[in-house]
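*Asks:* Starting off with a structure, shown below.
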Amino acid sequence: MRGQGRKESLSDSRDLDGSYDQLTGHPPGPTKKALKQRFLKLLPCCGPQALPSVSETLAVPASLRPHRPRPLDPDSVEDEFELSTVCHRPEGLEQLQEQTKFTRKELQVLYRGFKNECPSGIVNEENFKQIYSQFFPQGDSSTYATFLFNAFDTNHDGSVSFEDFVAGLSVILRGTIDDRLNWAFNLYDLNKDGCITKEEMLDIMKSIYDMMGKYTYPALREEAPREHVESFFQKMDRNKDGVVTIEEFIESCQKDENIMRSMQLFDNVI
């Protein structure tokens, strides 16, 4: 990862043949360290000021960089959960510990960062897209950010609270393989009807290519998103009925070594 300067393109680690991860459409092959740095870069509340073990040279836009917190005082942070005057009051630490796979201290760090970025206690879709766009200045990330926002907004109220945020993060980072695959399926199932259609997957692929932008190597061909969708369905649509169910999705992913490796890259990100 480039420590300073412009953000790396999603195509930086692409193989010379231009192949992609079958599940996500992203270039294959990032190391766990590289993925950790990229993931932390996408989560301002997990930036270098919040997690001292991450290099201080980690590039985070100044507008998104969280304030350097004072040394964590467990009692004072817990008081913030109970007495916060923000618009949305989060649930208590103990309850969030029971609902997620984060420790008390991890929740404290995540909450302080989330509150720095979202003083009101929630983030709406437009703010989410604005934050996300700053990590992909070479492309248009707005559509993909909308899909990602909807995956975090599980109760579909148009906002992501701290509870929503850590619930999704807990699945992505600490969930079982099945948990993570279910979360990914929900991301791709845009209308939440229990199956993925070619139209939905094409929308996802186009949004990923849009986010990557035109400054990629090798240059992307116009038909690339549709070709990726066809490849996806050839692998995932086991009964060839034109849709991919959650059962087909999980079964196909579990048989794909590349996908399984990509799932394991999220282990111990924070």
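Counting begins at 1 with the first residue displayed.
Just so you know, glycine gets a Cβ as well, placed from its N, Cα and C.
Residues or ranges marked as compositional bias 'Basic and acidic residues' in Swiss-Prot: 1-17. Residues or ranges marked as S-palmitoyl cysteine by Swiss-Prot: CYS45, CYS46. For 81-137, the entry in Swiss-Prot reads domain 'EF-hand 1', with the evidence type a curator's inference. The annotation domain 'EF-hand 2' is assigned in Swiss-Prot to 140-175. The domain 'EF-hand 3' annotation in Swiss-Prot covers 176-211 and rests on sequence analysis. Residues or ranges marked as Ca(2+) 2 binding site in Swiss-Prot (evidence: sequence analysis): ASP189, ASN191, ASP193, CYS195, GLU200. What Swiss-Prot records for ASP237, ASN239, ASP241, GLU248 is Ca(2+) 3 binding site.
Locate each feature and note its surroundings.
*Replies:* Mean predicted confidence for the domain 'EF-hand 1' (81-137): the pLDDT average there is 81.
When DSSP labels each residue, the domain 'EF-hand 2' (140-175) comes out as 24 helix, 3 strand, 9 coil, counted as helix, strand and coil in that order.
Beyond its flanks by at least six residues, the domain 'EF-hand 3' (176-211) meets 10, 23-26, 136, 139-141, 143-144, 147-148, 150-151, 168, 220, 224-226, 228-229, 232-233, 236, 242-246, 249-250, 253-254, 260, 263, 266 of its own chain at Cβ-Cβ distances under 8 Å.
Taking a C-beta cut-off of under 8 angstroms and a sequence separation of 6 or more, ASN191 (Ca(2+) 2 binding site) has the following same-chain neighbours: GLU200. Under the DSSP three-state reduction, ASN191 (Ca(2+) 2 binding site) is assigned to coil, being neither helix nor strand.
Within the same chain, no residue at least six positions away from ASP241 (Ca(2+) 3 binding site) has a Cβ under 8 Å of its Cβ. A coil conformation is recorded for ASP241 (Ca(2+) 3 binding site) in the three-state DSSP classification, outside any helix or strand.
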*Asks:* Excluding ASP237, ASN239, ASP241, GLU248, which residues of the same chain place their Cβ within 8 Å of the centroid of the Cβ atoms of the recorded Ca(2+) 3 site?
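*Replies:* In sequence order, the nearby non-listed residues are MET236, ARG238, LYS240, GLY242, VAL243, VAL244, THR245.
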*Asks:* Minimum Cβ neighbour count within 10 Å among the binding-site residues ASP189, ASP193, ASP237: which residue?
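*Replies:* Candidates: the binding-site residues ASP189, ASP193, ASP237. Fewest Cβ atoms within 10 Å: ASP193.
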*Asks:* Can you name the residues of this chain that are 6 or more positions from GLU248 (Ca(2+) 3 binding site) yet have a C-beta less than 8 Å from its C-beta?
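*Replies:* Those within reach of GLU248 (Ca(2+) 3 binding site), by Cβ under 8 Å and sequence separation of 6 or more, are MET236, ASP237, ARG238, ASN239.
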*Asks:* Show which residues of the chain containing CYS195 (Ca(2+) 2 binding site), separated from it by at least 6 in sequence, have their CB under 8 Å from its CB.
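*Replies:* ASP189, VAL243, VAL244, THR245, ILE246 - these are the non-local Cβ neighbours of CYS195 (Ca(2+) 2 binding site), listed in sequence order.
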*Asks:* If you count other CB atoms within 10 A of each CB, which of GLU200, ASN239 wins among these binding-site residues?
*Replies:* GLU200
*Asks:* Excluding ASP189, ASN191, ASP193, CYS195, GLU200, which residues of the same chain place their Cβ within 8 Å of the centroid of the Cβ atoms of the recorded Ca(2+) 2 site?
*Replies:* TYR188, LEU190, LYS192, GLY194, ILE196, THR197, VAL243
